[in-house]
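A.B. asks: As listed in TrEMBL for this protein:
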DNA_BIND  A:48-117  DNA-binding region
COMPBIAS  A:9-24  compositional bias 'Basic and acidic residues'
COMPBIAS  A:32-47  compositional bias 'Basic and acidic residues'
COMPBIAS  A:96-111  compositional bias 'Basic and acidic residues'
COMPBIAS  A:139-156  compositional bias 'Acidic residues'
DOMAIN    A:48-117  domain 'HMG box'
REGION    A:1-51  region 'Disordered'
REGION    A:80-156  region 'Disordered'
DNA sequence: GTGCTGATTGTTCGA
DNA sequence: TCGAACAATCAGCAC
(Lines of atoms letter the chains of each structure in order from A and count residues from 1; the text may use other names and numbers.)
(Lines give C-alpha, C1' and ligand atoms only; values in the text may rest on other atoms or scores of the structure.)
Protein backbone atom coordinates (compact mmCIF):
# COMPACT_ATOMS: atom_id res chain seq x y z
CA UNK A 1 0.00 0.00 0.00
CA UNK A 2 1.36 3.31 -1.03
CA UNK A 3 -0.30 5.73 1.27
CA UNK A 4 1.80 8.75 0.62
CA UNK A 5 0.78 11.49 2.92
CA UNK A 6 3.09 14.36 2.28
CA UNK A 7 0.96 16.49 4.48
CA UNK A 8 4.02 18.20 5.83
CA UNK A 9 5.12 19.60 2.56
CA UNK A 10 1.90 20.14 0.77
CA UNK A 11 0.39 21.57 3.85
CA UNK A 12 3.11 24.12 3.82
CA UNK A 13 2.06 24.98 0.33
CA UNK A 14 -1.52 24.96 1.37
CA UNK A 15 -0.86 27.44 4.09
CA UNK A 16 0.58 29.77 1.56
CA UNK A 17 -2.36 29.26 -0.70
CA UNK A 18 -5.06 29.66 1.82
CA UNK A 19 -5.83 33.36 1.62
CA UNK A 20 -9.35 32.45 0.74
CA UNK A 21 -10.93 32.30 4.14
CA UNK A 22 -14.38 33.20 3.05
CA UNK A 23 -15.00 29.75 1.67
CA UNK A 24 -18.39 28.28 2.17
CA UNK A 25 -17.48 25.19 4.08
CA UNK A 26 -13.87 25.93 4.56
CA UNK A 27 -12.27 23.43 2.25
CA UNK A 28 -13.25 19.88 2.64
CA UNK A 29 -10.46 18.79 0.39
CA UNK A 30 -8.90 17.70 3.62
CA UNK A 31 -10.34 14.33 2.79
CA UNK A 32 -7.34 12.02 2.72
CA UNK A 33 -7.08 10.39 -0.63
CA UNK A 34 -5.80 7.27 1.04
CA UNK A 35 -9.04 6.86 2.87
CA UNK A 36 -10.83 7.69 -0.26
CA UNK A 37 -9.02 4.99 -2.09
CA UNK A 38 -9.88 2.52 0.59
CA UNK A 39 -13.46 3.53 0.35
CA UNK A 40 -13.41 3.25 -3.36
CA UNK A 41 -11.93 -0.15 -3.01
CA UNK A 42 -14.89 -1.12 -0.94
CA UNK A 43 -17.36 0.70 -3.12
CA UNK A 44 -18.69 -0.56 -6.36
CA UNK A 45 -16.61 0.59 -9.24
CA UNK A 46 -19.72 0.23 -11.32
CA UNK A 47 -21.55 2.80 -9.36
CA UNK A 48 -22.30 5.77 -11.56
CA UNK A 49 -20.26 8.80 -10.76
CA UNK A 50 -22.05 11.81 -9.51
CA UNK A 51 -23.15 14.26 -12.13
CA UNK A 52 -21.29 17.53 -12.43
CA UNK A 53 -22.92 20.54 -10.91
CA UNK A 54 -23.63 23.64 -12.94
CA UNK A 55 -20.34 25.04 -11.80
CA UNK A 56 -18.47 21.99 -13.02
CA UNK A 57 -20.19 22.16 -16.37
CA UNK A 58 -19.08 25.73 -16.59
CA UNK A 59 -15.65 24.74 -15.38
CA UNK A 60 -15.20 22.31 -18.24
CA UNK A 61 -15.61 25.07 -20.76
CA UNK A 62 -13.79 27.60 -18.67
CA UNK A 63 -10.71 25.40 -18.57
CA UNK A 64 -10.50 25.34 -22.33
CA UNK A 65 -10.83 29.08 -22.57
CA UNK A 66 -8.45 29.67 -19.74
CA UNK A 67 -5.81 27.44 -21.25
CA UNK A 68 -6.07 29.32 -24.48
CA UNK A 69 -5.75 32.69 -22.83
CA UNK A 70 -3.18 31.48 -20.33
CA UNK A 71 -1.22 28.67 -21.97
CA UNK A 72 1.52 29.08 -19.42
CA UNK A 73 -0.78 28.57 -16.48
CA UNK A 74 -1.38 24.88 -16.11
CA UNK A 75 -2.04 24.76 -12.40
CA UNK A 76 -5.51 23.49 -11.73
CA UNK A 77 -5.62 25.61 -8.63
CA UNK A 78 -5.26 28.75 -10.70
CA UNK A 79 -7.98 27.65 -13.05
CA UNK A 80 -10.22 26.76 -10.17
CA UNK A 81 -9.76 30.10 -8.56
CA UNK A 82 -10.39 31.98 -11.76
CA UNK A 83 -13.43 29.89 -12.49
CA UNK A 84 -14.81 30.46 -9.05
CA UNK A 85 -14.38 34.19 -9.28
CA UNK A 86 -16.01 34.34 -12.65
CA UNK A 87 -18.81 32.07 -11.58
CA UNK A 88 -19.66 34.39 -8.75
CA UNK A 89 -19.55 37.36 -11.05
CA UNK A 90 -21.93 35.73 -13.48
CA UNK A 91 -25.60 36.51 -13.38
CA UNK A 92 -28.29 33.91 -13.04
CA UNK A 93 -29.15 34.26 -16.70
CA UNK A 94 -25.57 33.58 -17.61
CA UNK A 95 -25.50 30.53 -15.40
CA UNK A 96 -28.80 29.30 -16.78
CA UNK A 97 -27.39 27.27 -19.70
CA UNK A 98 -24.93 25.53 -17.41
CA UNK A 99 -27.60 24.78 -14.88
CA UNK A 100 -29.69 23.40 -17.67
CA UNK A 101 -26.93 21.08 -18.73
CA UNK A 102 -26.33 20.07 -15.16
CA UNK A 103 -30.00 19.28 -14.77
CA UNK A 104 -29.87 17.04 -17.81
CA UNK A 105 -26.87 15.20 -16.52
CA UNK A 106 -28.52 14.87 -13.20
CA UNK A 107 -31.52 13.35 -14.89
CA UNK A 108 -29.29 10.85 -16.60
CA UNK A 109 -27.58 10.11 -13.34
CA UNK A 110 -30.89 9.37 -11.68
CA UNK A 111 -31.63 6.82 -14.36
CA UNK A 112 -28.23 5.27 -13.99
CA UNK A 113 -28.38 5.13 -10.24
CA UNK A 114 -31.83 3.61 -10.42
CA UNK A 115 -30.57 0.91 -12.72
CA UNK A 116 -27.58 0.46 -10.50
CA UNK A 117 -29.71 0.08 -7.41
CA UNK A 118 -31.86 -2.44 -9.20
CA UNK A 119 -28.81 -4.46 -10.04
CA UNK A 120 -27.76 -4.33 -6.45
CA UNK A 121 -31.09 -5.71 -5.39
CA UNK A 122 -31.03 -8.42 -8.02
CA UNK A 123 -27.53 -9.36 -7.18
CA UNK A 124 -24.31 -8.02 -8.52
CA UNK A 125 -23.25 -11.22 -10.22
CA UNK A 126 -23.46 -9.97 -13.75
CA UNK A 127 -22.33 -6.42 -13.80
CA UNK A 128 -21.14 -6.66 -17.34
CA UNK A 129 -24.56 -5.62 -18.47
CA UNK A 130 -23.92 -2.27 -16.90
CA UNK A 131 -21.41 -0.69 -19.18
CA UNK A 132 -20.62 2.60 -17.58
CA UNK A 133 -17.47 2.74 -19.56
CA UNK A 134 -19.56 4.22 -22.26
CA UNK A 135 -21.21 7.61 -22.06
CA UNK A 136 -24.76 6.62 -21.37
CA UNK A 137 -25.77 10.14 -22.09
CA UNK A 138 -25.24 9.55 -25.73
CA UNK A 139 -28.13 10.02 -28.01
CA UNK A 140 -30.98 11.23 -25.94
CA UNK A 141 -29.45 14.42 -24.76
CA UNK A 142 -28.44 15.65 -28.13
CA UNK A 143 -29.22 19.20 -27.19
CA UNK A 144 -26.53 18.83 -24.67
CA UNK A 145 -24.01 20.03 -27.17
CA UNK A 146 -25.88 23.05 -28.24
CA UNK A 147 -24.33 25.01 -25.47
CA UNK A 148 -21.68 26.72 -27.44
CA UNK A 149 -22.05 30.15 -25.98
CA UNK A 150 -18.59 31.41 -26.49
CA UNK A 151 -19.78 34.89 -25.78
CA UNK A 152 -19.49 34.08 -22.16
CA UNK A 153 -15.80 34.09 -21.76
CA UNK A 154 -15.02 37.51 -23.06
CA UNK A 155 -13.26 38.69 -20.00
CA UNK A 156 -10.55 41.17 -20.67
C1' DG B 1 6.96 4.95 -11.64
C1' DT B 2 3.10 5.80 -8.82
C1' DG B 3 -0.17 8.46 -6.75
C1' DC B 4 -1.59 12.26 -3.75
C1' DT B 5 -2.17 17.45 -3.55
C1' DG B 6 -4.26 21.77 -4.61
C1' DA B 7 -8.45 25.06 -5.94
C1' DT B 8 -13.03 25.91 -7.18
C1' DT B 9 -18.62 25.38 -6.26
C1' DG B 10 -22.59 22.60 -6.28
C1' DT B 11 -24.90 18.42 -5.29
C1' DT B 12 -25.64 14.26 -3.04
C1' DC B 13 -26.07 11.31 0.72
C1' DG B 14 -25.39 9.65 5.34
C1' DA B 15 -25.86 10.38 10.30
C1' DT C 1 -30.84 19.51 9.25
C1' DC C 2 -26.06 19.64 9.05
C1' DG C 3 -21.81 18.45 7.35
C1' DA C 4 -18.64 15.62 4.93
C1' DA C 5 -17.59 13.52 0.61
C1' DC C 6 -17.18 13.75 -4.19
C1' DA C 7 -17.51 15.29 -9.00
C1' DA C 8 -13.06 17.16 -13.23
C1' DT C 9 -8.53 18.50 -14.19
C1' DC C 10 -3.30 18.02 -14.45
C1' DA C 11 1.40 19.81 -13.28
C1' DG C 12 4.32 19.15 -9.47
C1' DC C 13 6.40 16.73 -6.06
C1' DA C 14 7.28 13.15 -2.47
C1' DC C 15 8.26 8.46 -1.81
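Glycine is no exception: its Cβ is also placed from the backbone N, Cα and C atoms.
Heads up, TrEMBL stuff is auto-annotated, nobody curated it.
Since we're looking at a predicted model, the values are computed, not measured.
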A.B. asks: Using DSSP, what is the helix/strand/coil residue split across the compositional bias 'Basic and acidic residues' (A:96-111)?
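C.D. replies: Result for the compositional bias 'Basic and acidic residues' (A:96-111), in helix, strand, coil order: 16 helix, 0 strand, 0 coil.
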A.B. asks: Mind tallying the domain 'HMG box' (A:48-117) by DSSP state, helix then strand then coil?
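C.D. replies: Split by secondary structure, the domain 'HMG box' (A:48-117) comes out as 56 helix, 0 strand, 14 coil.
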A.B. asks: Would you report the average pLDDT that the model assigns to the domain 'HMG box' (A:48-117)?
C.D. replies: 90
